[in-house]
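Reviewing the structure listed below.
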């Protein structure tokens, strides 16, 4: 989906975000497990921008630290004073002074704009009429808080007006300004230099470049977007609303792709969750980041899954927890109140209940009895437990790592295993049972005499 013409992106992320009431920068709050800014960068990635410039301000250290972790090459510049969106974009000039292509302006708190929409916005600059500015427009359910765009029948802008300044006729228009726009670099910088701050807020507003272009007899146009794509986040309630919107869309996509969600509204996905066909997901299941679920899997209620790779025809839960590094092979079973971390459960193995498996490999066809614990941490280091194929681990066993249980071996219930067990061997590591005849009766009699 690479853009046909050279382009650069400017992402505005300098706002203080005070309405979030948080020590975390607003654009680093997570939507479906990924920071808001990460969504914007991810939408740009398939378009291969020549440059991506993030304009930071308040809390810039947090933003810059995050940018060091992303794959897309990004330059950050700083808006020292919060003097408006036009002033913020102007701070990117130093990073783009030699760039001759198109520039798209995006917002770090508007996370869901799609790559195809950004591409359409940029391509509109190169239609036959060669507009100076292309503005992303939308029609919200409640347009009262948005500025209006007055256009002719060919989507050429005639006027842009804030709601408070609009006439009754203009307020009846439902086409609104998202704030996102595309413009050629050689047009942007001169127009920005002409923006004035003679308004109630004393700020320099980016949309003013549209009216400046129109005043010079140049053209500006709109490109339509769905309202959900340009929904922004200013507070936690809006973040929750956007999370709900995204989750609903994801649930619909998962079901369209062939999975069954018994109670869709109770299942929560992350941005990168992959679900195969003929998967059944019961109510109240949570997917954290980096989860892949293959075809034919059943996930029972109240399971919590993150960082896990689940292969075909596996059964999970109910009340199972899969943590990062869990690899569950074909036809394995992970039952209720089982926790798996950094472990591989091989084909057909069963871990049915009340068990912790960490830093381990469970061989194909093995059975892990209820109450089994892999004791993988000695207070300083993690060690591994290796269990061979078709081994049987009796209930309430403690496997003290590092330790290897051979293929076909049997561990007697209640054992604490501290040494390797050879293949096909029986290991018993518990005190020998001793029965004392009539001891209980005598004990009760003594107690009654007191």
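Here, residue 1 is simply the first one shown, and the rest follow in order.
Yeah, the Cβs are placed from backbone N, Cα and C, and that goes for glycine too.
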* Since Swiss-Prot lists 376, 377, 395, 413 for acetyl-CoA, which candidate among 404, 430 does it give for that site as well? -> 430
* Asked: Between 109, 162, which of the binding-site residues has the fewest other CB atoms within 10 angstroms in the structure shown?
  -> 162
* How many other Cβ atoms sit within 10 Å of the Cβ of residue 15 (UDP-N-acetyl-alpha-D-glucosamine binding site)? -> 24
* Asked: Hey, what's the Cβ neighbour count for residue 395 (acetyl-CoA binding site) at 10 Å?
  -> 17
* **Set of same-chain residues at least 6 away whose C-beta sits under 8 angstroms from residue 108 (UDP-N-acetyl-alpha-D-glucosamine binding site)** => 11, 12, 13, 26, 27, 36, 37, 40, 54
* **Between residue 367 (UDP-N-acetyl-alpha-D-glucosamine binding site) and residue 376 (acetyl-CoA binding site): CA-CA distance (Å)** => 19
* **Residue, out of the recorded positions 353, 430, whose Cβ gathers the largest set of other Cβ atoms within 10 Å** => 353
